[in-house]
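TrEMBL annotations:
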- 33-53: transmembrane segment (TRANSMEM)
- 59-82: transmembrane segment (TRANSMEM)
- 113-132: transmembrane segment (TRANSMEM)
- 141-161: transmembrane segment (TRANSMEM)
- 181-204: transmembrane segment (TRANSMEM)
- 233-255: transmembrane segment (TRANSMEM)
- 267-284: transmembrane segment (TRANSMEM)
- 291-310: transmembrane segment (TRANSMEM)
- 316-332: transmembrane segment (TRANSMEM)
């Protein structure tokens, strides 16, 4: 009989490596090593190519831009974990930006009333997308495309071609690179993003809602047999996606000083790209921290590309290549590859 020591010493080293890789890539505890390496590489590249890239103001500016993308991708992450896509994100961004600017600048509403109204509208309309997708087993891509079109049309009718008013001044300070949080020289928008990331990360990992969401995304039929309230999960995920998109809209109104009908367009592709580049796959594989890294990675990459003179179309091509690189990096995990 061999001793335990001998048993360990004769173990196939490839098996050890495989087990270590499994630990790093299993389920929701997967460490986004590829993305972290790519992010570090891009930071070094940016510092070498663009003067002032690592100055504090530049870093804060990139973090604010990343917070917009990260918040838009937050709700998208929840929907992707369920196995769907939310194409209504740009519509809710524009709706919120228009409501924020118009209700404050034209009608003089106090911001708490504006915020409450936006939250109510986004939760209800976003929840309708989740309800319809679940009840009728329709692809969320189709439902959210329709809902987003309705929201955009309603916004156009309400604005009626008028120039919207101005956003509240405190929102401009909230998203300013020189803004402060409790006396600290940290932009409040960045603090908000980080706090929400921590909160959502905790909810997904340690609460009944998070476990139910993963169970539903993994297999809705099995989740229903286990008495998971799948309809409530779908409605909640799409409501939150609309809500976080609305938060981005309000912040963008403050960032720009007003609103326009195209300001949400970049966030449809970019929010999904941040999710996929971060390593979250369709149907209960990944978590928001991966999307968080993905948003940072895309923002740094975009800053570098703009700094060296690439056009927006060139950036889109490079984003597509980046998605292929990340998917190829996980190609040994067949289940993940197939879902992405």
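Heads up, residue numbers simply count up from 1 along the chain you see.
Positions of Cβ are set from backbone N, Cα and C atoms, glycine also.
Long-range contacts of the transmembrane segment (267-284) within its own chain (CB-CB distance under 8 A, at least 6 residues past either end) are made by residues 30, 32, 34-35, 68-70, 72-73, 76-77, 80-85, 87, 89-90, 93, 213-218, 245, 248, 290-295, 297-298, 316, 319, 322-323, 326-327, 330, 336, 339-340. Through the fold, the transmembrane segment (113-132) approaches residues 86, 88, 92, 95-96, 99-100, 103-104, 138, 140, 143-144, 147, 151, 231, 234-243, 245-246, 249-250 of its own chain, all at least 6 residues removed from its boundaries and within a Cβ separation under 8 Å. Of the ranges 59-82, 141-161, 181-204, 291-310, the one with the most Cβ pairs under 8 Å to the transmembrane segment (33-53) is 291-310. Within its own chain, the transmembrane segment (59-82) has Cβ neighbours under 8 Å at 89, 93, 140, 175, 177-178, 186-187, 189-190, 192-193, 196-197, 200, 213-214, 216-217, 233-234, 237-238, 240-245, 247-248, 251-252, 255, 267, 270-272, 274-275, 280-288, 291-292, 294-296, 298-300, 302-303, counting only residues six or more beyond its boundaries.
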